[in-house]
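Straight from TrEMBL, the features:
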REGION    A:32-118  region 'Disordered'
COMPBIAS  A:43-57  compositional bias 'Low complexity'
COMPBIAS  A:73-82  compositional bias 'Basic and acidic residues'
COMPBIAS  A:90-99  compositional bias 'Basic and acidic residues'
COMPBIAS  A:100-109  compositional bias 'Basic residues'
DOMAIN    A:133-171  domain 'DNA repair protein rhp7 treble clef'
REGION    A:170-195  region 'Disordered'
Amino acid sequence: MSRQNQPARRIQGPQSALTDFLASHNISANQIRLDADARRRAAQQGQDGQQNGADAGTSTAPITLDLPSPETARLDETEARTRGGKRRKAEQTAIDKIKASKKFQRRKRQVDDSEDDDDLARAIFQERSAPLPGQMENCAICGKRFTVTPYSRAAPDGGGLLCTPCGKELQQEGGPPKKKPKRATGGAVGRRRQQQSDILDGTYHRGAKPLMTLCIEKLTKHIDLADELGDLPPMIIDKIARNLSKHRLLDSRTLGLFLTPTAEDVHVYDGAKLSSEDLIRIFQTVPALKNLKIRNGIQFKDEVMDYLLSRDIELESFYLHGANLLSEEKWIQYLQEKGRSLQSLRVYFTDKHFGDGVLATLSTACPSLKRLKVTHNQAVSAEGIKNIGQIKTLRHLSLDLHKKVHPDIYVSLLSEIGYDLQTFSLTRVPDIDNTVLDALHNNCKSLQKLRITDSEVMTDEGFARLFNGWENKPLRFIDFQKCRQLDAGQPRENPDNTGLCSNGFKAMMAHSGRYLVDVNVHACRHISAAAFEEVFAADKVYPDLKNLEISFCEEVTDFIVGSIFRSCPNLHELNVFGCMKVKDVRVPMGKILVGVPNALGMVIEGDDD
Amino acid sequence: MPVNNRVGAGRIDVNGDSPTANGDDSASCNYQSKYITLISSDGFEFACLREAALVSPTIKGMLRSQFSEAKTGRCTFPEISGVIMERIVEYFHYYHTYRDRDDVPDLDVPVELCLELLVAADFFGLDNKINEGQQQQPASSVPRRQVAAAVTRPH
């Protein structure tokens, strides 16, 4: 060791400024490194000696395997021999101490007297002197040296640690390690987060879950064990289907659970994993099918429709979502051959293959069509909407189209079929103006659900005209989301009263307030505080109102929110995202206030009585 | 409320005025009782806190008005086996114990009983509606453990 400790002859290349600086202060990096090496080596050998001394008791010749040269090995050996005696003495005192300790007595009582005291004490001693992570250690099986990490495994017989290869081998022999059961909620924060997530999902309930929900959740987890669902009521089957789809577990195998020959309804809430053959299987196994609902039915292609056409199935309700590989010709063929029984047709996300031609066929081919919904559609234009006007049986109409349609088209549509309409829903219609509202006022007498969203040209005056003196009975559902003035140049001013403002809101609540269940005036930001206060005054009661969405209505204050809770005894949920004047509201028991802009969290579940 | 208290009170009640212990007593006495007896198809009898059992619209209907169940406090269910009934009674008390709590631990449903329990849950009306029509009830309750103690052998 002495030879290495002496500074070598200084033959050197260019060196850094730092080395120069250190050298000028008489500090040698090389010397520091050598010292550290020496210290480390001494520590290793110390451990080797300790280990061997403990294992073999009297042995004085520690075996070290990967020493750099015979010379140093000899040096180590002699050093270890001199230290060995000292260490054994220290070890003996340590073991005596352990024998006297309480822990030892306790352990001795647990273990029967099969082991003698010395072995037990030595085991505890070894446990205590196990090397720490980062230190070097000899593997208990192969004897190789390795660096101890927190993941190093203990030898099976309890003495020493194992190197990585031996540890892996041992692990393979013992099978894969048991995974800790994953906890659904991580502590208090996780629980709170889960609860808020439930509130936003609308599935939150105070108290225990219904037994049915518990069973369905368990069943979903173990669906691979189920061969058939048996004779359950259709309502439960539907719940199971929903829960399975929620967890993306509906595939070819699990689909079979829901296909019983006597079923009339098949609801596939997530068909993303189903192939065309699976979809054909639905028609093969369920001959009495009446109501078919398929979401994410990407593989519902022409061949599937061909098969449906070849069968004796007469659908009453057909709901197809995401089937954008199905061609328009097949749609028309289907309607012409099977449209007679069709009462409800809902088509979502079909790119360009469900167009005016299909809508033109509806009026002649479907004499009993009551409900029509076409959303996220890029093909339907004004021409198709004119044709909807020919379907005199229609009661429910929902449209969400990409192509621009002039308001006049809707006006003439309403004049033709408006009288019997119960649902009228236009989503994302920025160009629809007051003429449509006037047409509603003049034609509709039995409307229950009304939705017009994103209009940028309707005015407060138009909304007020619609509701004042309307012969229609009170509505149950109103959605005027984002009907507001959009002018980035003058965001504050609204000289023309564009959008749903104070007068329209007051007229709306005066006309329909008694029976309204759902109201959405999201982002109708020019409704004044005075209007809210008048509508939710102390003497006004809206007994049926359950869900109220007033997010981004800027004038809403704590007082208004409190007034709303007072006026709506059966309110379930109130949304106030972006209402920055809401600061500190006391929420009555059982009500949910979502979106309060504070640091506590965006959801408050009422505690006050 | 300390747990010990509840256990003690519950035991005394079961041995005292529960219909299980008294057998077929006079109607008026049972009508006042805090407990009712649920009888399964294979003859097992379960004493169950009346308040807790009322969560089921089915049982609520049976105990209303002048049905014989309302008079005697004994409800027989020929469709429900003892194994399932035990779980149902366990659920009644579980629901009752946690009715006003926010963080409720899930009751463990054995996988093999899942489908049968699902049918029974439908029979007893234990679906989403129970949370809607929930009323504020007094805060006395019986711990789950007690259910097992209240089971009596078939005669």
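Placed from the backbone N, Cα and C atoms, the Cβ positions cover glycine too.
Keep in mind that TrEMBL annotations are predicted by a computer and have not been checked by a curator.
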Average pLDDT across the domain 'DNA repair protein rhp7 treble clef' (A:133-171), rounded to a whole number: 79
Residue distribution over DSSP helix, strand and coil in the domain 'DNA repair protein rhp7 treble clef' (A:133-171): 8 helix, 8 strand, 23 coil
For the compositional bias 'Basic and acidic residues' (A:90-99), the number of residues DSSP places in helix, strand and coil: 10 helix, 0 strand, 0 coil
